[in-house]
Each structure stands twice: as structure tokens, then as C-alpha cells.
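Here's what TrEMBL has on this protein:
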BINDING   H188, E291  Fe(2+) binding site
Amino acid sequence: MKGVLLVNLGSPDSTDPKDVKKYLDEFLMDPRVIDVPFWLRSFIVRGIILNTRPKKSAEAYQKIWWDEGSPLIVLSERLQKKIQNKTTVPVALAMRYGSMTLKKGLQELVDQGVDEVLTIPLYPQFAMATTETIDVKVEELKNEFFPQLKITSLPAFYNKPEYIEVLAKSMAEKLEGLDYEHLIFSYHGVPERHIYKRDITKSHCKIDGSCCVTESPAHQFCYRHQCFKTTELVAAKLNLKPGTYSNAFQSRLGFDPWLKPPTDRTIERLGLEGIKKIAIVTPAFVSDCLETLEEIAMEGEEIFHEAGGKEFTVIPCLNDRDDWAEVLTGWIDQWRIVDTKTAIA
Ligand SMILES: C=CC1=C(C)c2cc3[nH]c(cc4nc(cc5[nH]c(cc1n2)c(C)c5CCC(=O)O)C(CCC(=O)O)=C4C)c(C)c3C=C
Ligand SMILES: [Fe+2]
Ligand SMILES: [Fe+2]
């Protein structure tokens, strides 16, 4: 029998700094997130970051936490339930980090008689720190605990027409009647090194003005290209005028070069240039989370106001929208009916 495992990033168990520390330790010790040798990663994460960040992050989590728990987890659970109500295929939910482990999610499916799994990393754009780490961990778990399972992973859906359609629709709903002057597409940042590492041609990615818009097989694994493509397709769908929107990358951690321009500086610059009304959408996240609810909706708004801006509109993530659940169910049904690669590649 076929079954589906939806996978998101995960959150700490609570906003207690101890739980936040445990979660950040697992997350940041992942060699695909901080991709340096183990000794150096341990030094950076356990010797530096975990001494100060858990308290600061816990305070940020406290500002956005809901009675039911972490928004990212609650919203992912709501999405899973909606999809389950639309399909006969068993649908489980797991997180890459934290207590809702991938192992528990796979076991839940196996307990229902599943022997063929489609994993759906809930990230529109491929990144080493997101999609790839899920795929690798699932493969490890299969080899160790579930050798009988046939597992396929849904590829990044950054350019799939159905995804672009619902994203554009969700934006149009929020932007209707709003005479904003500039729209920022804010994607989670990654270190530039991650882009070079996943360039399968070894020579295409230059992180300049042309590489990501020049056809290349490298784009299958180029997070930067995929972010730009999502923006381009949505902009075309919404008929956005050139110059009224731009891309930016948020949530930088550490001192390495990350993708540019940074979202916070972009917001500040727009305010200082006299732009009074901006809107912001965060298409690297399908569920609202710390990075959208606190970093963008709270900190971002504060930066904009301090720089002279007036109206700051945040477009919610797709979360558990009916049309988004429909799209995912459609992809699941295509996979259920025919061979995955021909159906959804
Ligand atoms: C080197 C560090 C990090 C990389 C690379 C990174 C990539 C990355 N992350 C997301 C999605 C999310 N990240 C979230 C939180 C978060 N991310 C990092 C660091 C890196 N992320 C940290 C330290 C944190 C924790 C919060 C903090 O201390 O600031 C979240 C929110 C989780 C939640 O519980 O709400 C998401 C979602 C993507 C998509 C991505 C690369 C493309
Ligand atoms: Fe992150
Ligand atoms: Fe590129």
C-alpha cells in the first residue's frame, strides 16, 4: 500500500531556553546546515552559538508561540489533516528536527500497512540545508530500520504551475486594494558556499547577475535560481511591473558570505528612500513560523517604521489553505495512480 510523509523543518518542544538549545543543537549540528568539518562545527555551534542564541531565540519564540504550540507545527498538522480528508492514501507528518521525528513518521505509515512512501519536503526550492538533508536522513532510516520500504521524494516544486497559481492567488487576495509601492520577495538565505557546492556542472554558478537566468543543468539544485524563478513566475502571473518588486534573503547566521541582498537592509533602504508602503511575501516557507511571524512581521515592520516607512503588509504563507491542500492532494493522487517519476518529475 502507498502512503505519504509530509516533512517540515520542526520547532523546539517549548519556548523554554533548554528546549530551544536542544533543538538548535540538533539543527545546527547537521552537516548540511553548517557544512564544515565536525570539529569546527562543534566549536562554532557548541562553543559559541549555543552559549547565547538559545536565550535570544527562546524570547523570539515566546512572542509568536500559540496556545496549541509552535505555529509551524500546528499549521503543518492542520495541512496534514486537510489532505488526509481529501485522499484515501495514509498521510503522516514528521519534522526533520525535534520530537516529531522522521523515524516516527515512517513507523506510523508502516503500522498502517504502507510499503511504498512518497516523502514531500515542504520546501518549494531545493536547498542542501532543507530538501537534501531530509532525503539523506530518510535514506539512512530506510537502510537501518525500514529496508522493505520503497521511498520516493517529491522534487522541489518552485516552478510547478499549480504551486505558482495558489501562491499568486494568496498574494492577490492580500494585495487587493492595497496601493503598495514595493513588494519584497523574501527568501530564507543560505551561505553562498552552499550554492557552489551543489553546482553539478562545477562551473556554472557565479552568484552574479547572469548565471541564475542562463539555462543550465545546475539549476536543478541551485537554490538561488529556484528562488528567482518562483518570483519571475509569480510576477508574470500577477502582472507585476518591473521595478515594483525585488528579491531579498533573510535570516543570516554567522560571518560567511550569504546570498544577497539581505531582507533587513532592503526594508531599511526602501524606508530611507522615502517609500511609505511596502508588502512582503516569504515563498521559501509554506508555513508561517518564527522567521515570518517574528523576523519579518515584527522586526521587519519595526525596521521599516524606524526608516520612515508607514504601511508594512505581510502576506501569510500558504499554511493550510484549501487550494494548497488541493494542490498537494492532486500531486499525491498523480503519484498514487502512475509511476512517480513520470507523474511529478
Ligand atoms: C546556517 C544556518 C541556517 C541555514 C543554512 C538555514 C537554512 C534554511 N532554513 C529554512 C527554514 C527555517 N529556518 C528556521 C529557523 C532557523 N534557521 C536557522 C539557521 C539556518 N537556516 C536557525 C538558527 C533557526 C532558528 C531560529 C533562530 O534562532 O533564529 C525556521 C523556523 C523554525 C520554527 O520553529 O518556526 C524555518 C522554517 C530554510 C527554508 C532554509 C534554506 C533554504
Ligand atoms: Fe533556517
Ligand atoms: Fe546561478
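Including glycine, each Cβ sits where the backbone N, Cα and C put it.
Since the structure is predicted, the reported quantities are computational estimates derived from the model, not experimental observations.
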*Per 10 Å Cβ neighbour count, which of the binding-site residues H188, E291 ranks highest?*
H188
_According to DSSP, does E291 (Fe(2+) binding site) sit in a helix, a strand, or coil?_
helix
